[in-house]
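Student: Dumping the structure here so I can ask a few things about it.
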């Protein structure tokens, strides 16, 4: 992929369109998803559907990342160039930040709306664990439904949206189910850290860790079959060598 300042005018124009799509897609996703009162089933359904729709809307323009964790994972596996990944992440955070600013204008008593933090008696460490595991699940759904299996076609975005829905239903009451660094950082920038910059940082680290864990798992997938075949062949060769050694020893014993 060409860098931001590389390539011809057409390639720069396509990149600009992709970055704009990431900005607008993340903005609308965060605007709709963040406006619903947190920690209930309605929140999970709204966010899952909103993500699915916005991936459908942006997939043919930018790939429909709408999430720095997804972009980071595709950077690690070589599906996204560094310059494009950085541009996407800036656009995603900017879109989520604008969404939080719009919440202040459009939602009564909006202070803190869209912020994430532990709930249901969960500690920050427990919320961190949920964020890592559920973000890994989301990123792996992106790979299985969109990156690794493009033939899934129209089912890909639905797979990702339903995964977010499932994760939000399970983890929402405990961690808020952010699963997206832009969705964490945007409200934090608007609302002064959402009450705890340490908590915000913890959520961001969780998302980055999830991307780092998910990418190698996906990257190893296509090679597992070859690795297993190689192990099987090595075992067969070892068995044959042992049989040969046994036959030679048996023959030597008979000659003696």
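Including glycine, each Cβ sits where the backbone N, Cα and C put it.
Source: prediction; values computed, not measured.
Okay, so TrEMBL annotates it like this:
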- 15-36: transmembrane segment (TRANSMEM)
- 48-73: transmembrane segment (TRANSMEM)
- 85-107: transmembrane segment (TRANSMEM)
- 127-146: transmembrane segment (TRANSMEM)
- 158-177: transmembrane segment (TRANSMEM)
- 197-218: transmembrane segment (TRANSMEM)
Student: Could you tell me whether the transmembrane segment (48-73) and the transmembrane segment (158-177) have 3+ CB pairs under 8 A, leaving out pairs under 6 positions apart?
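Tutor: Contact confirmed: at least 3 Cβ pairs fall under 8 Å.
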Student: Using a cut-off of under 8 Å between C-beta atoms, tell me which stretch among 48-73, 85-107, 127-146, 197-218 contacts the transmembrane segment (15-36) the most.
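Tutor: Selected stretch: 85-107, with the most Cβ pairs under 8 Å.
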Student: Hey, which of 48-73, 85-107, 197-218 has the most Cβ-Cβ pairs under 8 Å against the transmembrane segment (127-146)?
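Tutor: Answer is 197-218, with the largest number of Cβ pairs below 8 Å.
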